[in-house]
Amino acid sequence: MQCIKPECPRLNVTNGRLLGNMNNDGSRKQVICNPDYIEVSGAIITTCINGNWIPKPKCIVKPCLTNPCMNMGECVINGTGHFCSCRPWWKGSNCETFSNPVHCGCYDDSPVRVLPYMQKTSATNDPNECAKHCGEHNYSFAGVEV
């Protein structure tokens, strides 16, 4: 009796091609994705093992191809997805929201006034909130800066 290792089925990769023409056990094929696509199985080589191609190759469109990040944010590929690294004052999954922080202007009332002490508080420019904050730190309220 002779043991015959199973062959792997013919393999096709959507949005890519394979280098190698054997399907017998132990055969290896190189995965080459089309331009603007990336391989996401974690390897560019697939191997026939006991009748299965491992890993099974898959080419997907590059997540940053459409430049989803707004306001000069940088698109960073993260596995099969992306995240946006936003510039200062911008936030949101695609850097779509402006978030200029509000600062509370306080000063120490003395014979010589120096530049106001600026303390970041919150996203509100409520003068009462700023005045309260200044008082908690023994400063006088000077105003808000956006």
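Yeah, the Cβs are placed from backbone N, Cα and C, and that goes for glycine too.
According to TrEMBL, the cysteine that forms a disulfide bond with Cys95, out of Cys86, Cys106, is Cys86. A sphere of 10 angstroms centred on the C-beta of Cys86 (disulfide bond) encloses 21 other C-beta atoms. Using a 10 Å radius centred on the Cβ of Cys95 (disulfide bond) and all shown protein chains, the other Cβ atoms total 21. In the domain 'EGF-like' (60-96), helix, strand and coil residues by DSSP number 0 helix, 14 strand, 23 coil.
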